[in-house]
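Below is one structure, written out as structure tokens; the observations come after it.
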Amino acid sequence: MASFYPLLFLFLFISLSAASSILTVVNNCPFPVWPAIQPNSGHILLEGGGFFLPSYSHRSFPAPTAHWSGRLWARTHCYTHNNHFSCATGDCGTGKVECAGRGGAPPATLAQFSLHHGHNDLYSYAVSLVDGYNVPMTVTPHEGHGVCPVVGCKPDLLPKCPAALQMKGSSGHVIGCKSACEAFGKDEFCCRNHYNSPQTCKPTSYSEYFKKACPSTFTYAHDSPSLMHDCSSPHELKVIFCH
């Protein structure tokens with residue numbers, strides 16, 4: 001029985017650590033955004049799947065206490081017309097602020113997560129430009145152990161977005177930078193069919209535009225950024241728009 005109490009203490013410590021983890025979404029942009037969250041299949045919905053976040057504000061909420069994976073992105077240039085809510089970038093098509101688990105339309109900068117996995121309560125996270133770009137985004141862990149880098153894309157890529165990838169709003173300004181897959185629909189850009197393998201799916205001049213500006217991000221389907229990591233038991237994961 002002597003060994004029971006240390007094991008019980010360890011179990012309680014891990015459980016309390018997991019329960020105290022929080023996710024914080026920060027909008028440092030000079031404009032409002034509507035963050036959206038999509039869980040992977042079989043995982044719980046967080047914060048209704050979407051909410052409003054005014055400029056220079058933040059929202060914190062408890063992280064799931066069991067294994068969870070999914071993605072988070074910003075919707076921009078949103079408005080309500082005839083009681084129907086929609087966004088120019090990242091729209092999830094529900095007609096409401098809450099995305100209810102649905103994904104977003106590209107182009108959109110994506111944060112991807114896998115929380116509470118492995119035997120050391122590991123958190124993995126990444127920022128992806130595979131579906132294009134609409135706002136700067138970084139993911140920052142706090143009070144974690146092990147390999148816990150800040151990853152993401154701090155620069156504003158819209159002003160120099162290649163002309164062929166530009167998505168313009170009603171005012172004529174560039175509001176999104178598409179992926180080459182979205183812009184051209186070709187297999188070699190989308191890494192599908194013959195090109196759906198690490199051997200045949202290669203970077204292009206378009207993905208290199210994203211990679212040069214934001215080297216720690218995923219920029220095409222079989223990309224492997226240098227900052228791969230497993231951060232153990234961070235107290236907080238902070239997603240920051242317009243770092």
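Backbone N, Cα and C atoms are what each Cβ position is placed from, and that goes for glycine too.
Remember, TrEMBL labels are computer predictions, not curated facts.
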Disulfide partner of CYS231 per TrEMBL: which of CYS148, CYS153, CYS161, CYS177?
CYS148
Per TrEMBL, the disulfide partner of CYS201, chosen from CYS190, CYS191:
CYS191
Partner cysteine of CYS177 (disulphide bond, per TrEMBL) from CYS153, CYS161, CYS214:
CYS161
Entry from the disulfide-bonded residues list CYS99, CYS190, CYS201, CYS242 having the most other CB atoms no farther than 10 A:
CYS99
Let me know the most crowded of the disulfide-bonded residues, choosing from CYS29, CYS92, CYS161 and counting other Cβ atoms within 10 Å.
CYS92
Relative to the Cα of CYS214 (disulfide bond), which of the disulfide-bonded residues CYS87, CYS92, CYS99, CYS161, CYS201 has the closest Cα?
CYS161
Top Cα neighbour of CYS78 (disulfide bond) in the set of disulfide-bonded residues CYS161, CYS191, CYS201:
CYS161
Around CYS148 (disulfide bond), how many other CB atoms lie within 10 A of its CB?
20
